[in-house]
Amino acid sequence: MTNSNRIKLTWISFLSYALTGALVIVTGMVMGNIADYFHLPVSSMSNTFTFLNAGILISIFLNAWLMEIVPLKTQLRFGFILMVLAVAGLMFSHSLALFSAAMFVLGLVSGITMSIGTFLITQLYEGRQRGSRLLFTDSFFSMAGMIFPMVAAFLLARSIEWYWVYACIGLVYLAIFILTFGCEFPALGKHAQHSQAPVVKEKWGIGVLFLAVAALCYILGQLGFISWVPEYAKGLGMSLNDAGALVSDFWMSYMFGMWAFSFILRFFDLQRILTVLAGMAAVLMYLFITGTQAHMPWFILTLGFFSSAIYTSIITLGSQQTKVASPKLVNFILTCGTIGTMLTFVVTGPIVAHSGPQAALLTANGLYAVVFVMCFALGFVSRHRQHSSPAAH
């Protein structure tokens, strides 16, 4: 594979995460405007965004098999057509049913693109370099999550209709579409060139189960925590601005942490540093929940920094449990993480209704403790050392 081809594929991976980050995180910015557009209360409008999450979940789950049937380049190009149709549907329709369908299609497109992006990184890079590259790729999710809400605020402040925000997000997919030209993708399944030697099917091992549970608990814990921090802070008497600043501080340090750890991870055994980071994150979250108001910004900043590498490290370790990175295995762990996203309000909503925001934060803290236990247990069964040692960079 030529170096220019590798660079193009890597940029497709970066932009695939930016696309999903933009679609998921911009929701909160435009929800009120969309509710006004359809003359609905915000509470009932928020339910329609479940179609976006459902699309992401279904596409990541199905793409484990789809990758072996439909070439990756064909998927990305067809995805561009679907993206154009979905954005056009948002622009020219006043029907709530069509809006929900367009959101579902956007979810499908971003889920397929993100799973392809993750798979490309696991194919292009080996050993410890894979972990650092995947972490840098994941930082594009957070970066888009910072940039596109600002774009949305800029457009909405000038009374420009909300659907132009999605047209701007579509430009990210346009860049992916352009990059597919003159670019060779790894072939899979029936499209792959088969060698004379029979392909040995590898068993995943119990380590994959530990990592899948860790992925689900981590995402559910993280989103359950950060979703209720503003309510918890307001309950302590903090202003709305100060409560919002806590969330901004978390994501800002999360992004800086991703950049820092994309360099740091190369020098450590991934399972060991993951266990340390999961333990530190659980302790820092507990200190945030039980600490004084004066110390809360510091605890959430350090929590964001030290927890930033956890999810990507889980995916990387998963890809290293087999000798050859398996798209089905990587997508299985991604699917478990996405299920965590879907369950966020299903799990935390009733807890908050019954016992208040602090109970939701303590539940999230308990989930982080489960992540630590899973990562610690993985140390006894992980195969990553025997699979990554020859290729460590």
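Cβ coordinates come from backbone N, Cα and C, glycine included.
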Membrane topology agreement for N3 and P186 per Swiss-Prot: yes
Contact between the transmembrane segment (51-71) and the transmembrane segment (245-265) (at least 3 Cβ pairs under 8 Å, separation 6+): no
Other parts of the chain folded back onto the topological domain 'Periplasmic' (227-244), taken as Cβ under 8 Å at six or more residues beyond its ends: 250, 293, 296, 300, 344-345, 348, 352, 356-358, 360-361, 364
Number of helical, extended and coil residues in the topological domain 'Periplasmic' (227-244), per DSSP: 14 helix, 0 strand, 4 coil
Contact call for the transmembrane segment (162-182) against the transmembrane segment (273-293), three or more Cβ pairs under 8 Å: no
Long-range neighbours of the topological domain 'Cytoplasmic' (1-10), counting only residues six or more past its ends (CB under 8 A): 120-121, 124, 133, 137, 179, 182-185
Leading contact stretch, 206-226, 245-265, 273-293, 298-318, 332-352 vs the transmembrane segment (134-154) - CB distance under 8 Å: 245-265
Recorded stretch that, among 245-265, 332-352, 361-381, has the most CB pairs under 8 Å to the transmembrane segment (206-226): 361-381
